[in-house]
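Asks: Please see the structure below; I have some questions.
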Amino acid sequence: MGWKDAAEPVLSRMPAVARPEGHVPFRRKLGWTGGILVLYFFLTNVTLFGLDAATANDLFGQFRSILAGQQGSVLQLGIGPIVTASIVLQLLGGADLLGLDTDNNPRDQVLYQGLQKLLVGVMICLTGLPMVFAGNFLPADQAVATSLGIGTVGVKGLIFAQIAVGGVLILFMDEIVSKWGVGSGVGLFIIAGVSQQLVGGLFSWQGLGGTSGFFATWIGIITGAIELPASPTDLLSTVFLGQGQLLALITTLLIFGIVVYAESVRVEIPLSHARVKGARGRFPVKLIYASVLPMILVRALQANIQFLGRFLNSSWVGMPAWLGQYTSGQVTGGLLYYLAPIQSRSDWMWFLGLTSADPLDIAIRVLIDLIFMIVGGAVFAIFWVETTGMGPKSTAQQIQNSGMQIPGFRRNPQVIERVMERYIPQVTVIGGALVGLLAVMANMLGTIGAVSGTGLLLTVSITYKLYEEIAEEQLMEMHPMMRNMFGSE
């Protein structure tokens, strides 16, 4: 008996959101998407009962814009468990260790979805338990423990239960959006978190609490409320790198422009309908063919490595210096320092006095980050294309099923597959590597609102793709015959 037969009784009974039986009207899809978005913002503002927020430490602070969620809320873990489970499944599927045919076998599809949910539950435990009980990153409030009479261990149990419920909720919220809404829940949550930071970075006012945003700062500079240094060197540093944030604004606008341009670069393969004369179309193979979602997997892998390092530092007294050295919870040396991604200008601009790190160490760290992101982006893009039905074989079958064919070629899926193999694998690798390079460069230069460059890159690309999906949904809504022809529902 194989593992599928042994695991089927458990995996097939995993709770799941029911698929719609027929076509879901566009307005209803928008309603589901908007409702889940409101619920997400609500849950990020529900604080953990029993948490001593004053001494709590956000393990995913540097990666929060990518992993979504909110520190100290029931969505403490964000999409981390979902993404980590996806990494494991991508690696197992890429090595063909699962033996699942998710394209053609309904039974394997059910097993795959059940296995994903099981892995998400495991990742919630593997991430949440050390965070609460071992590393003391989410300490219990002593006053709550005394008033309830259950001790700090009991309060920590309550904290873990809350973040576990939050992890399960975000899993099913993602599934609802994927089946009943527009786009994916993971992408929606990233857009929500990054947009919130971006708007705050542009429009926040010091009088409302916190630091001044970009516009408030420049109003102060223009009116003279904020004094600028007299020295030309200090003036340029303040305007571009300091309060003025001009470099951050330029980087933000540059990322918007590059991503929108890259999304529009494509190779278009002509198609014609086999039975309807004059019906023609094109199959676009975009430069960023695999989308930017594989980049979430790469950054999440880095986040898990750093999470493990901080956990070891807090619980392993004799942790060797070659593995990692920490100062005030931040890695400053050892292997984990070199593996830590560049997050902002303060991590590498030694020539401006923004960091005291050795220039050679900084150069090695930047080089490792570039290699990790470029190679990782390409590898995960390949895995993503193959496991999401975007590879040459799956695409050829979809074109065949829609009644389309490539002019000048026989109407045969094998023939279409050979044509697709000329473009899809190469474009997938180039696009994945390009996104990795852009992510590192964006992080190095910084962005408005202290949003990570990777987070902004993901947000712009996901928003662009969401716009395309909404336009496609509206077209299908106006012309139901096209929906039947291309099998959208």
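Using N, Cα and C of the backbone, Cβ positions are placed for all residues, glycine too.
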Asks: Could you tell me which of the ranges 60-88, 321-349 is annotated in Swiss-Prot as transmembrane segment?
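Replies: When 60-88, 321-349 are checked in Swiss-Prot, transmembrane segment belongs to 60-88.
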Asks: Membrane-wise, does Swiss-Prot list ALA53 and THR217 on the same side?
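Replies: The record shows them together on one side of the membrane, with a shared topological domain name.
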Asks: Considering only Cβ pairs under 8 Å, which range in 365-384, 428-446, 451-465 makes the most contacts with the transmembrane segment (185-203)?
Replies: 451-465
Asks: Would you call the transmembrane segment (292-313) and the transmembrane segment (21-47) in contact, using three or more Cβ pairs under 8 Å, pairs 6 or more apart in sequence?
Replies: no
Asks: Within the topological domain 'Cytoplasmic' (385-427), how many residues are helix, strand or coil going by DSSP?
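Replies: Helix, strand, coil within the topological domain 'Cytoplasmic' (385-427): 25 helix, 2 strand, 16 coil.
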Asks: So which residues does the topological domain 'Cytoplasmic' (1-20) touch in its own chain, when a touch means Cβ under 8 Å and the partner is 6 or more beyond its ends?
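Replies: For the topological domain 'Cytoplasmic' (1-20), the nonlocal Cβ contacts are 99-100, 107-108, 110-111, 113-115, 117-118, 172, 175-176, 179-180.
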Asks: Is the count of Cβ pairs under 8 Å between the transmembrane segment (154-178) and the transmembrane segment (245-266), pairs 6 or more apart in sequence, 3 or more?
Replies: no
Asks: In terms of Cβ proximity under 8 Å, which residues at least six beyond the ends of the topological domain 'Extracellular' (48-59) contact it?
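Replies: Sequence-remote neighbours of the topological domain 'Extracellular' (48-59) are 71-74, 76, 131, 135, 137-142, 144-145, 155-156, 158-159, 162-163, 307, 310-311, 329.
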